[in-house]
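Peer 1: Annotations for this protein, taken from TrEMBL, read as follows:
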type	residues	note
DOMAIN	B:79-278	domain 'ABC transmembrane type-1'
TRANSMEM	B:20-38	transmembrane segment
TRANSMEM	B:78-102	transmembrane segment
TRANSMEM	B:114-135	transmembrane segment
TRANSMEM	B:147-165	transmembrane segment
TRANSMEM	B:197-221	transmembrane segment
TRANSMEM	B:259-278	transmembrane segment
């Protein structure tokens, strides 16, 4: 009977991924606490020797707003005219099977889905997707893995608790290092256009296992409905006390200030209190975990204070706060990345929500903005021969075609006149047929392959400008998880379990079911259960390039 | 008013009131929420926004949610799948259960070990991965049989059925045997005709089980065209958001609540339609000793 | 009850044993029994094949409880680690919390839920009007077909912190009552949801049993001047004893499976301290945490405890002269 499972767990956990559907994928902070990708055991050395694929950005189009190495996403005000081809020939001769997941409604099956068939025609052979759904993907992944009849490609999510990634990859999947490392990648120009930061998440044990799947590099942000916040002078605050007072004023009758996603809210408060992204790097290059910092503990106490003041929406079971934020019942909620404004536009086209820029809790301390994981993992290949590997790489190259190319259009919008048409500004929009055939398929494809992300809101070009500006604001105080791209055996094995147990306790504390004293006990269990071991493993492989963030 | 049996004296008013309050209260507690489900599925966007969620009575009823639901073709196919799985599954499960329950209801060769074999299944679950491996070994992945065969015998239903069979008077069977009837004949000519009621009840139990099952489909069925209604129910109800969020630029969809509730209604209607027919069997009193009493 | 009233055939077994209804079969040679029973054995085949394929062979998968199981290695290649998983389980306070919660919730269900359908069935059975009776049954069965997701959504909508009832309370100037989030009253909430969803449906079997009570007994009792309550106590309930005991035993054997979905959906609102049960523990350890072996070990522990409970309950029933689920025809 499992599998009724985590209706809510799933949603929360995939808060980021849901956005992937709209072409805006990102991961929450879930990942920041448990490393993925990287090296096991002697992997530190191996990682050092590995040459990441040469980065050669795609230069077909000039974005209206430039991107940057820092993670700033390029913005397009409208879809580039005269899409160009980035791939010379159809990549496939034989059909390919793949396991992926959709975060939209599952699409009509291949046999009755003209958009899918058109994609197959463009690819040269059938792309047979097995499309999992949330919840249920880890079960599906594990059962397929154990069944020994793997599909050619299997999307490997970094945050759904799939353990022991290192040995698993070695046992069942193809090492692609020789095909992708250094200049070898140039044979696949669209893969060469993926950034080194993205590639790092596809490296385990010093080897490359697949093409990474970039999403927005930005982490969670708090967004609020400006109409609601206007009553108290706006969403932006200078101090935590000011925020507290505003929340209290907004919580009246059946209206509440904050959505009841405690862990996510806590993540925001932690930023104001200067809690690090995942781990803090001390002067002596030792690591301190987020949970071990006084900053995070202070944030927990602050959250408990807010809870006691009854400013959280009282139903913890609320699956999706977006409609309530739109109609004003909830004033603010946590979403992934500044691009998430589109989710609110979808419900109310007149609404552009505000994004809260993190501030120091006392008006003086330096806030920290947590960048996200940057990708939704990678898609490894089943062990096979060179000819097949090249064919599969060509497929990944096709499906990773950058924004604005013909292949991008084919993958995301289908065929002009059938699944999409051009609106007044020459932007592609789905036709009714496309709406039916497209979203489920596009979501499934996006989750297993993607180009570097861009900001693009065809109906609201102004949004693109504002989001681009917000991103620059956030980047000023941004911090990345120092362990990103490295690998700890213990973290891979028990990390998810430890995190879940710790979170259970802090939710208890915030909601008043336990006293703050329980924090230290939970921390002790986290450390002895594997936290200390994890720290040691991460410290051993901490790249020299990671800056000190100690306070 | 039907005939009042002589041992049922007219009830005292006080007692009558208590009964009315208990049954009435219970019925209301059920009707109101279910009415909310149906109303919400029929409500317009405006109704839902005004009510802040679920609607008690739609002021501007519309079938938009149902239109959207069936426009994709997904729902129509899912209903066919669910009906097939339920009908065929119930038939197979009943046949297996009747045969096994009858055979173990008499002291026959192997009867006792087999009985223990069934009862043991009440205790453990085989686990997700081993079940998957078996289904795969049998070549049932992506086949509707993977939704049917693993549910072909329920221990509880078996116990109910067997207990009923045990209470068929022994002399009836004995005289049949003396007349030269084989066990097959006895099953066909005596046991089954005498057990229509319990077969109806157990059949309903099975049917409900098949209709409501979904987890097997998530694991064993990759082809979305073969998904049963319950999987769609979960997908829509749990993912109401992505439904609307990913279709930016297209005409606005109905509110997620009304879509979700429409799916619920669709999942509910077939059972609501079938069980009044089966319910006759409960009321007729023919169920004598469905569980012996 | 019925078979106790039946006359026991007394003719000696040796006479025409292949023809007469089976009584004492144990002493016969195999070949005689085979000739007599082969059709019965044939009838067992589909069921037995099913049990082997979909239960006994897969249940060997529970061996992973004695392994450090990794899906990518499979059962054949994963390392054996003896009882280590059980040792870990024993040392894990969360497991004991889950066990404690399971027992508390099971007890609450047994004591508070079990009598409700019986009481409803008695009331419904006493109704004279068939129309009202049928109408009530139709309504009462319906919630059984709703999924837990929906049931909990409906409870949330009416009793939740922002729900209908609490909004009324707030408007009236009272403090809202945390029906859905108070871990102390969680067992009551769970039972309430169970009653709403399944009490009506659970009536079916009691109603069936009630309809089989011998009408002549009522008539005789009424003629003797026995009132309503005496008839209930001396005729109705004793007539239903067997079915009540049978259902109780089944319930006890199933006691550790208090309901998976219901808890996983509410685990966040009341916290794992109150809502973590063995099934959710297994799920979180096994699937979410990726530790399949621990999950299997917890599942196995649960199975063993259930077996003991079932066996115990059945023995007690036997001792009290009830057939239980291992009813033996020859006995009564």
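Glycine too: its Cβ is placed from the backbone N, Cα and C atoms.
Where in this structure would I find these features, and how exposed are they?
Peer 2: Residues 100, 103-104, 141, 146, 150, 153, 155-156, 158-159, 162, 219-220 of the same chain lie 6+ residues outside the transmembrane segment (B:114-135) yet bring a C-beta within less than 8 angstroms of a C-beta in it.
Among residues of the same chain six or more beyond the transmembrane segment (B:259-278), those with a C-beta under 8 A of the stretch's C-beta atoms are 37-38, 40-41, 54, 65-66, 68-69, 75, 79, 82-83, 86, 200-201, 203-204, 207-208, 211, 229-230, 232-233, 236-237, 240, 243, 253.
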Peer 1: Sequence-remote contacts (6 or more beyond its ends) of the transmembrane segment (B:147-165), Cβ cut-off under 8 Å?
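Peer 2: Long-range Cβ neighbours of the transmembrane segment (B:147-165): 85, 88-89, 92-93, 96-98, 100-102, 104-105, 115, 118-119, 121-122, 131, 135, 138, 140, 191, 195, 198-199, 201-202, 205-206, 209-210, 213, 216-217, 220-221, 228, 289-292.
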Peer 1: Which sequence positions outside the transmembrane segment (B:78-102), separated from its termini by at least 6 residues, show Cβ-Cβ distances below 8 Å to it?
Peer 2: 114, 118, 144, 147-149, 151-154, 157-158, 161-162, 164-165, 187, 191-192, 195, 199, 202-203, 206-207, 210-211, 226-232, 266, 270
